[in-house]
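According to TrEMBL, the features are:
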- Lys20: active site (ACT_SITE)
- Asp146: active site (ACT_SITE)
- Pro104, Met105, Gly106, Gly107, Gly108, Ile109, Gly110, Gly111, Gly112, Ser113, Ser114: ATP binding site (BINDING)
- 76-153: domain 'GHMP kinase N-terminal' (DOMAIN)
Amino acid sequence: MNASRFSAPFAAEAWPAPAKLNRFLHIVGRREDGYHLLQTLFQFVEYGDWLHFELRDDGRVVRASELPGVAVDDDLVVRAARFLQAQVPCSSPGVTIRVDKHLPMGGGIGGGSSDAATTLVALNHLWHCGLDEDALAMLGLRLGADVPVFVRGRAAWAEGVGERLTPVDIDELWFLVVAPACAVPTVAVFKDPELTRDSAPIRMRDFLAGGGRNDCAAVVYRRFPEVAVAAEWLAQFTQPHLSGTGACVFGGFPSSAAANVALASLPAGWRAFVARGLNRSPLLERLIRG
Ligand SMILES: C[C@](O)(CO)[C@H](O)COP(=O)(O)OP(=O)(O)OC[C@H]1O[C@@H](n2ccc(N)nc2=O)[C@H](O)[C@@H]1O
Ligand SMILES: Nc1ncnc2c1ncn2[C@@H]1O[C@H](COP(=O)(O)OP(=O)(O)OP(=O)(O)O)[C@@H](O)[C@H]1O
């Protein structure tokens, strides 16, 4: 899983779609529509997918890469492009989109949401739509709860369903992220009757003092034993955390070298990567470059 380091010599025109980690995740309630109210801290990592956009003048949105198990019309990249197209008042521009996919699907590190956000931000720029960040984040929220934070591109304390974002600056640790060989459907975790849904709200200072856990972990470890095994393995080196609803587990290290020592003893056949935490998404640097 090394090909997607953002330092890799990718084509200058490619757009990054980084992964996110939920440094903690508490469920503090539930809305009337069944959606869960969360408290979480999002941080990006320097690792992710790469997207390529080729403009076309026939108004079509075409997917040039395969995504196993995801039909074209369901692909968040295609849905994001069509969503934006519907906002553009002038003649409809088209695009061919290719995704170099590196992030595991159903991994809890936001691959689909990040791809969707990068599509919104890149096409808003390339199609000259002129939507501001707030408008793009609102569009993004209709595609998924995690899309707005990727659109805004700043590590954030999040509340609500993840859309009430306050930018934060936290330690940019090095992380070892282990991706167990299973996909965890977010909806299955949120439907589980045993899920903790009544955590007391905490403050940023509580997290900084070492507080915070992932309320989904008990349910995920029980239903997906591979995830529990990965967390136990990681616990030899550092405190393991579940990201989102899994399947990925991660641990922080003070240096790249320390994280790579742990990576070197990864059991054969497991997938993992080492990457630095980022408070600013590489998508923002790419947008500034134009
Ligand atoms: C768990 C997190 O990854 C934390 O970052 C996100 O909140 C999940 O975000 P996501 O994958 O973009 O999820 P969505 O596609 O919006 O939601 C998938 C399903 O999960 C449930 N869902 C999701 C988010 C939320 N706050 N409460 C929920 O109950 C809903 O049944 C929803 O239909
Ligand atoms: N471009 C895409 N990339 C990944 N998944 C996609 C994409 N388009 C649609 N999907 C669907 O979305 C589902 C969730 O994908 P994703 O990789 O975002 O999960 P996740 O990492 O668990 O997300 P989150 O952390 O936001 O809960 C996939 O199982 C797939 O069916």
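In case you wondered, yes, glycine gets a Cβ from its N, Cα and C as well.
What TrEMBL annotates, mapped onto the structure for a quick look.
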{"residue": "Lys20", "record": "active site", "DSSP (3 states)": "strand"}
{"residue": "Pro104", "record": "ATP binding site", "DSSP (3 states)": "coil"}
{"residue": "Gly110", "record": "ATP binding site", "DSSP (3 states)": "coil"}
{"residue": "Asp146", "record": "active site", "DSSP (3 states)": "coil"}
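Highest local Cβ density among the binding-site residues Pro104, Gly106, Gly108, Gly112 belongs to Gly108, counted as other Cβ atoms within 10 Å over all protein chains shown. By the rule that a residue counts when its Cβ sits under 6 Å from some atom of ligand 1, the recorded positions Lys20, Pro104, Gly106, Gly112, Ser114 yield nothing. Taken through DSSP, the domain 'GHMP kinase N-terminal' (76-153) splits into 41 helix, 7 strand, 30 coil. Cβ-based neighbour count (10 Å, all protein chains) for Ser114 (ATP binding site) stands at 29. Other than Pro104, Met105, Gly106, Gly107, Gly108, Ile109, Gly110, Gly111, Gly112, Ser113, Ser114, the residues of this chain whose Cβ falls within 8 Å of the Cβ centroid of the ATP site are, in sequence order, Ala19, Leu103, Gly244. Listed recorded positions: Lys20, Pro104, Gly108, Ser114. Those with a CB atom under 6 Å from ligand 2: Gly108. The recorded positions shown are Pro104, Gly110, Gly112, Ser114, Asp146; of these, the one with its CA atom nearest the CA of Lys20 (active site) is Gly110. A straight line from the CA of Pro104 (ATP binding site) to the CA of Asp146 (active site) spans 16 Å. In this structure the alpha carbons, written CA, of Asp146 (active site) and Gly110 (ATP binding site) are 7 Å apart. Around Gly110 (ATP binding site), the same-chain residues at least 6 positions away in sequence with a Cβ under 8 Å from its Cβ are Ala19, Lys20, Leu103, Asp146, Phe150, Gly244. On the 0 to 100 pLDDT scale, the model's mean across the domain 'GHMP kinase N-terminal' (76-153) is 94.
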